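Structure first, then comments.
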Amino acid sequence: MRTLWIMAVLLVGVEGSLFELGKMILQETGKNPAKSYGAYGCNCGVLGRGKPKDATDRCCYVHKCCYKKLTGCDPKKDRYSYSWKDKTIVCGENNPCLKELCECDKAVAICLRENLGTYNKKYRYHLKPFCKKADPC
């Protein structure tokens, strides 16, 4: 359990319920979230920002933009619930903002799965200072 939490801290971002986000990414991609996406490209990970390097990195960019649109909850602190039914993520919140937060995380997990073919190991530990400024969300 502790290992999964540590992995989650290094995930696509520090925002959101990291435990749930990590589980979603693992369920959708089959990849270790911290190792595969914790510092991927210009947008995945804690310090992520910049012009996306590829479609995988673009998933992380869109995820950060999704978080910026949330109002009424704190993606850095608030937790949500979801279930995994028939290999599908189902967000199960009554609170509209927490449901949107869950949907943001669901979208990035699905996007990463759909773009597994663009995953490039050379971007796994990409140095963020070399990233160019991205367009605003």
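Note: Cβ is positioned from N, Cα and C throughout, glycine not excepted.
As annotated in Swiss-Prot, CYS42 shares a disulfide bond with CYS131, one of the listed residues CYS131, CYS137. Annotated by Swiss-Prot as region 'Important for membrane-damaging activities in eukaryotes and bacteria', the relevant range among 43-55, 82-94, 121-133 is 121-133. Out of CYS104, CYS111, the record in Swiss-Prot bonds CYS59 through a disulfide to CYS111.
Here the recorded positions are CYS44, CYS65, CYS66, LEU127; the one with the fewest Cβ atoms within 10 Å of its Cβ is LEU127. For the region 'Important for membrane-damaging activities in eukaryotes and bacteria' (121-133), the DSSP counts in helix, strand and coil order read 6 helix, 0 strand, 7 coil. Counting other CB atoms no more than 10 Å from each candidate's CB, the disulfide-bonded residues CYS91, CYS102, CYS111, CYS131, CYS137 peak at CYS102.
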